[in-house]
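Residues annotated as GTP binding site in TrEMBL: ARG14, ARG65, THR96, LYS157, ARG261, THR262, ARG263. For CYS21, CYS25, CYS28, the entry in TrEMBL reads [4Fe-4S] cluster 1 binding site. What TrEMBL records for TYR27, GLY69, SER120, MET191 is S-adenosyl-L-methionine binding site. Taken from TrEMBL, the feature [4Fe-4S] cluster 2 binding site applies to CYS256, CYS259, CYS273. Sequence annotations record features per position, and here TrEMBL assigns domain 'Radical SAM core' to 5-223. Residues or ranges marked as region 'Disordered' by TrEMBL: 310-329.
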Amino acid sequence: MLIDTYGRVATDLRVSLTDRCNLRCTYCMPEEGLQWLAKPDLLTDDEIVRLIDIAVRTLGITEVRFTGGEPLLRPGLVGIVERVAALEPRPQTSLTTNGIGLKRTARALKAAGLDRVNVSLDTLRPDVFKTLTRRDRHKDVIEGLHAAREAGLTPVKVNSVLMPGLNEDEAPDLLAWAVEHDYELRFIEQMPLDAQHGWKREGMVTAGDILASLRTRFELTPEGTDERGSAPAERWLVDGGPHRVGVIASVTRPFCAACDRTRLTADGQVRTCLFAREETDLRGALRSGAPDEEIARIWRLAMWGKKAGSGLDDPSFLQPDRPMSAIGG
């Protein structure tokens, strides 16, 4: 079990497979000049599977989400998914992706044992997409979403970040589109994880702004009780259901008190929080021949030191040294 001093138990493992990406989203990466992780520092496929096996078999992990960078750029992705899906007990498996490679890989990933995908798409307008991502790949993402749904990687979830002056007016249009195509849409507040460290709270589109915009066109009814547990998204039924929309208010209404996540970077570091500056090295233990029991002990000790919250409201808060692309979503 991975438990911290506040009694939170981690059952959800986020595994970054690479820090590389084929987009350059303005809220995540600079246009150029980002220092990539050195290839020898990256975990091998075998090392990744071994760490996940320890987490599932020994530490109580029940869900594994593959992230990046862009995880579809990992050459051995399908094989990793297949091996993880064969573990006992079998964890739920999912993938967070920009969707560009899904048209080519969705069926193979489903056959390998992947359960579902989350696809990032911030706009329905190709010109705005190009401005936000610095790449002209909007059509590829749309085709990837369709391929994921056809392959049965459902429910297909779409993650959208709204940026002031670019796409902040698109919330109702995105929701209408998601309802039409049977995708589950979740809006995510922009977080202080950009490589340029240019994030400013006063410049972000908040959950309140998003909900107010949606309510100009839709009736939103809170789903269930006010308690969302460890789920990051607060969800609403759209026009009485059955479609839903979620808002992940990591900045204005964080869910730290119920967080159930632990994170593994592509170079083998355990992170207890998306915003943590501290990391614990598992790669070194792996490569020095440590047995599974020792690796599990190191992992437990790392999680025991998890802080109460993200610290975003603390005046002394400092962004992580790693950009989002090197942490994993």
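Cβ coordinates come from backbone N, Cα and C, glycine included.
On the structure: features taken from TrEMBL.
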residue: ARG14; record: GTP binding site; DSSP class: strand
residue: CYS21; record: [4Fe-4S] cluster 1 binding site; DSSP class: coil
residue: TYR27; record: S-adenosyl-L-methionine binding site; DSSP class: coil
residue: ARG65; record: GTP binding site; DSSP class: strand
residue: SER120; record: S-adenosyl-L-methionine binding site; DSSP class: strand
residue: CYS259; record: [4Fe-4S] cluster 2 binding site; DSSP class: coil
Binding-site residues near CYS273 ([4Fe-4S] cluster 2 binding site), in sequence order, restricted to CYS25, GLY69, THR96, SER120 and a 10 Å Cα cut-off: none
Spatial neighbour of CYS259 ([4Fe-4S] cluster 2 binding site) that is closest, considering only the binding-site residues ARG14, CYS25, TYR27, CYS28, ARG65 and their CA atoms: ARG14
Alpha-carbon distance [TYR27 (S-adenosyl-L-methionine binding site); LYS157 (GTP binding site)] in Å: 20
MET191 (S-adenosyl-L-methionine binding site): secondary structure state under DSSP, collapsed to three categories: coil
Site with most surrounding Cβ atoms, counting all protein chains shown within 10 Å, from the binding-site residues CYS21, CYS273: CYS21
SER120 (S-adenosyl-L-methionine binding site) and THR96 (GTP binding site), Cα-Cα, nearest whole angstrom: 8
[4Fe-4S] cluster 2 site shell beyond CYS256, CYS259, CYS273, criterion: Cβ within 8 Å of Cβ centroid: ARG8, PRO254, PHE255, ARG261, THR272, LEU274, LYS306, LYS307, GLY309, SER310
Rounded inter-Cα distance in Å - TYR27 (S-adenosyl-L-methionine binding site), CYS21 ([4Fe-4S] cluster 1 binding site): 13
Local confidence of the prediction over the domain 'Radical SAM core' (5-223), expressed as mean pLDDT: 94
Conformational class of LYS157 (GTP binding site) under the three-state DSSP mapping: strand
ARG263 (GTP binding site) and CYS21 ([4Fe-4S] cluster 1 binding site), distance between Cα atoms, whole Å: 19
